[in-house]
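Peer 1: The 4-CDP-2-C-methyl-D-erythritol 2-phosphate binding site annotation in Swiss-Prot covers 13-15, 39-40, 61-63, 66-70, 144, 147. Here Swiss-Prot flags 13, 15, 47 as divalent metal cation binding site. What Swiss-Prot records for 39, 138 is site 'Transition state stabilizer'.
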């Protein structure tokens, strides 16, 4: 087996919290007095996972595929973007092994919404929920996350080449 038949990708996204926007994380609408500012629905969790997938397959990043300068993506549903990223990764000859993600937010408490985020990720990635994980952390009131100015998401994915597909 070629050692590059298995690849990892790392993704990161950050958005500011602002009044007048819905807070959507992992495709889940979360009750809060503010939401994330962005060109699309600003789902930082799904953006981090999407970026990790593109990176693992050496396909660039989310901005290359879904630029924030393109009006077609204004207000876009990040679940749709993630499913398209999955299609492109599979088209490149890879399957997804698992995803592990962390959302860093002082407020709101995300624990009640984690199972919904995991279910959405599993559905969009075509994986069982046992291969999708989301963790929520505060920043212990430190930095912009701790001051409730924004939310960060980080993700790691593992992908592997399908048998019989071209090698590096």
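Including glycine, each Cβ sits where the backbone N, Cα and C put it.
Situate these features within the shown structure.
Peer 2: Residue 39 (site 'Transition state stabilizer') falls within neither a helix nor a strand when secondary structure is assigned with DSSP, and so counts as coil.
Other Cβ atoms within 10 Å of the Cβ of residue 15 (4-CDP-2-C-methyl-D-erythritol 2-phosphate binding site), summed over all protein chains shown, number 22. DSSP gives residue 15 (4-CDP-2-C-methyl-D-erythritol 2-phosphate binding site) a strand state.
When Cβ atoms from all protein chains are considered, those within 10 Å of residue 39 (site 'Transition state stabilizer') total 15, not counting its own.
For residue 138 (site 'Transition state stabilizer'), the Cβ neighbour count at a 10 Å cut-off comes to 14, with all displayed protein chains included.
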Peer 1: Among the binding-site residues listed here (15, 62, 66, 68), which has the Cα closest to the Cα of residue 138 (site 'Transition state stabilizer')?
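Peer 2: It is 15, whose Cα lies nearest.
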Peer 1: Express the distance between the Cα positions of residue 47 (divalent metal cation binding site) and residue 39 (site 'Transition state stabilizer') as a whole number of Å.
Peer 2: 12
Peer 1: Tell me whether residue 62 (4-CDP-2-C-methyl-D-erythritol 2-phosphate binding site) sits in a helix, a strand or coil according to DSSP.
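Peer 2: The three-state answer is helix.
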Peer 1: Hey, of the binding-site residues listed (13, 68, 70), which one tops the CB count within 10 A?
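Peer 2: Checking each of 13, 68, 70, the winner is 13.
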